[in-house]
Amino acid sequence: MEVVDPKIDPWNHPGSQPETPCNNCYCKKCCFHCPLCFMKKGLGISYGRKKRRQRRRTPQGSKIHQDPVPKQPLSQTRGDPTGPEESKKKVESQTETDP
């Protein structure tokens, strides 16, 4: 084991820095380049400032969502409009006529 000069800062020790600089490549080799690359690229963790997304704005001349809602017809009742009692009478009369 090599003797490390105590006067040198730990981050400047020989072998503490990778030989090549970090880059923007996301291949497996570059993801394991150094601990920082592993955190950023391999794990996807970055502690930088988050950029605020701006909303898309519609052009000033457009009239989207400016028209009033059109009147819709009233909902139709489903099934037999005569009511349940009359439909029961029809079923009873049909069962009596069928032998």
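Every residue, even glycine, has its Cβ placed from backbone N, Cα and C.
For reference, Swiss-Prot has these:
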- 1-48: region 'Transactivation' (REGION)
- Trp11: site 'Essential for Tat translocation through the endosomal membrane' (SITE)
- Cys22, His33, Cys34, Cys37: Zn(2+) 1 binding site (BINDING)
- 22-37: region 'Cysteine-rich' (REGION)
- Lys28: N6-acetyllysine (MOD_RES)
- 38-48: region 'Core' (REGION)
- 48-58: compositional bias 'Basic residues' (COMPBIAS)
- Lys50: N6-acetyllysine (MOD_RES)
- Lys51: N6-acetyllysine (MOD_RES)
Packing count at His33 (Zn(2+) 1 binding site) (other Cβ atoms within 10 Å of its Cβ): 20
Cβ-centroid neighbours of Zn(2+) 1 site Cys22, His33, Cys34, Cys37, 8 Å, sequence order: Pro18, Asn23, Cys30, Phe32, Pro35, Leu36, Phe38, Lys41
Intrachain C-beta neighbours of Cys22 (Zn(2+) 1 binding site), sequence separation six or more, cut-off 8 angstroms: His33, Cys34, Leu36, Cys37
For Lys50 (N6-acetyllysine): intrachain residues, at least 6 apart, with Cβ closer than 8 Å: none
Position of peak Cβ density within 10 Å, selected from the modified residues Lys28, Lys51: Lys28
